[in-house]
């Protein structure tokens, strides 16, 4: 880490003091928003990783025995767990999930050994609940809760007998002859490790990444499935800014982030390691961002014409606000103000997804969201620019569990019947684009006016400290429909359910991921 004095080199004393005050106030905002996990939370997550490591070691010994390997090979073989994502980068909060890669040897297959044997081992653990196999994703994984913490566990198979616990996933020796699925699964871990090696100050990088992720979530430009920027995109952009500003303060890094990308000449790609592993040919997509771990790979991107315009608009807004960050009266809250959907758009596409039960709904929503890009492109063809708000809502008055999205339309006058061919086209895409393993749910598309939106679609900062209560779905009468909505603890105004009262006693609290 750079010494504090170097960061203020060349600044007048009073400017250095203002810079420091801005950075301190921004760090305090991160604490207030729950973006920094407590020591107790960190300890719990370390315990989860430790227990998962023990489970996969036991699993691989069983698989080796089933494959009738010699006893000395059974004794020698090993599998390991490597955290990545926000937890691996050290930017997780108290409500964050854990992304952890399971790496196994050549004889342990993903179809039989991972998705069947390891899944069964997990299901038999008392600490594990809600186990789902997501086999059809680009990165297949097992999703479950371990001691209440959501875990996404993909799998990579290396061509060796035993995986060292401290395996170097950047070493070409371990990457030889691996299959495409394993390569994709490894890319997140490899990107994490490259980024942490590249940035001049890990602490400043982590702080900047926390800030810009909060900004992206509040302004509705976070989420790869909705065509916006995902976690790996944000991490590379933050690392890029840190690399070009090695002596900067946190507040000046935030200002540099927006000034850099507000005027970036897309589709010129963002590249961290320009001299090594230079990609050939035209970069893919509207906002190409190259992975820093070689192989001429780019981040998977679902950016469309609509989401590109929204992202760039928010970059410019952030740049405009940050021009005054050293002026008296600057307030960081203005940068993180929730996006005012209900007052920005007159019309919305309502996407209603439903299923027979909560477990089926989770699988169904995940499957449909993986096809959202095709829906967004079709909406663009029919209605023009569209803002796919990632916020999830519930219609509590309905019998079946459901999730509802409201995507803003830029048009002021609309023929509502134009949504019918869009729905027909999307249903064909969802039903024909792969073999969905779960129970097929319902999809309904309609066009509604802003006046028809639930009151909670507008993010209300007064709900920031509301306690999250357990959600439920059941038939409700008119009086029950007036129950107060339940809000996410870390995304204010985002509705995750409705309050269930039990004999006038306060309902239990539950963690919610948004």
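Keep in mind that glycine also has a Cβ here, set from the backbone N, Cα and C atoms.
These features come from TrEMBL:
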DOMAIN    17-199  domain 'Poly(A) polymerase nucleotidyltransferase'
BINDING   97, 99  Mg(2+) 1 binding site
BINDING   97, 98, 99, 152, 213, 222, 231, 232  ATP binding site
BINDING   97, 99, 152  Mg(2+) 2 binding site
DOMAIN    205-337  domain 'Poly(A) polymerase central'
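TrEMBL feature annotations superimposed on the structure.
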{"residue": "97", "record": "Mg(2+) 1 binding site", "Cβ neighbours (10 Å)": "18"}
{"residue": "98", "record": "ATP binding site", "Cβ neighbours (10 Å)": "22"}
{"residue": "99", "record": "Mg(2+) 1 binding site", "Cβ neighbours (10 Å)": "25"}
{"residue": "152", "record": "ATP binding site", "Cβ neighbours (10 Å)": "19"}
{"residue": "213", "record": "ATP binding site", "Cβ neighbours (10 Å)": "20"}
{"residue": "222", "record": "ATP binding site", "Cβ neighbours (10 Å)": "22"}
{"residue": "231", "record": "ATP binding site", "Cβ neighbours (10 Å)": "22"}
{"residue": "232", "record": "ATP binding site", "Cβ neighbours (10 Å)": "22"}
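Across the domain 'Poly(A) polymerase central' (205-337), the model assigns an average pLDDT of 91. Candidates 152, 213, 222, 231, 232 (binding-site residues) were compared with residue 97 (Mg(2+) 1 binding site); those inside 10 Å Cα-Cα are 152. Note: the Cα of residue 231 (ATP binding site) and the Cα of residue 99 (Mg(2+) 1 binding site) are spaced 11 Å from each other. Rounded to a whole value, the Cα-Cα separation of residue 222 (ATP binding site) and residue 99 (Mg(2+) 1 binding site) is 17 Å.
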